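S.K.: So TrEMBL lists the following for this protein:
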type	residues	note
DISULFID	C1-C80	disulfide bond
Amino acid sequence: CNLAGWWENDLGSKIQVFKVGNDGTFSGEYHTAVSSAKNPIQPSPVVGSQHLDEDGQNTFGFTVNWKKFSDSTAVFVGQCFNGDDGREVLHTSWLLREKVDSESDDWKATR
C-alpha cells in the first residue's frame, strides 16, 4: 500500500498524500469536512511517515497543522489493509489538541 494519492473518510474529509519517499516520509494536504473552529475551513498541511513492509499492509502516522483556520493540531496513526474486495483501506485513530488559555484548562484541550 502506497499512501500517495487521495483518500476519503466516512465523514467526507479527504487527504492528498504527495509522493512517498524511499524512506517512507511524505507530505500532503488535509481537507477536513468537519470543524468546530469559527473560521472557514481551509486545506491544511500534512507531514508524515509510512513504515514500508513487504506485505504492503503498512503502518503510518501523520500530523495535520490546522494553522490556516484554527489553533489546533491533530495526529493520526493507522494501518493500510488489503480489503476482502481487493481495495486498499486505511484504518486510523487520531488525537486533536486545541489551544487553551491556561494550564488549568489543560484537561479539556485534547480529544
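Cβ atoms are placed via backbone N, Cα and C, with glycine included.
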S.K.: Among all protein chains shown, how many Cβ atoms are found within 10 Å of the Cβ of C1 (disulfide bond), not counting that one?
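M.R.: Within a 10 Å radius of the Cβ of C1 (disulfide bond) lie 19 other Cβ atoms.
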S.K.: Name, in the order they occur in the sequence, the residues of the same chain whose CB lies under 8 A from the CB of C80 (disulfide bond) and which sit 6 or more residues away.
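M.R.: Long-range Cβ contacts: C1, L3, G56, Q57, N58, F60, E88, V89, L90.
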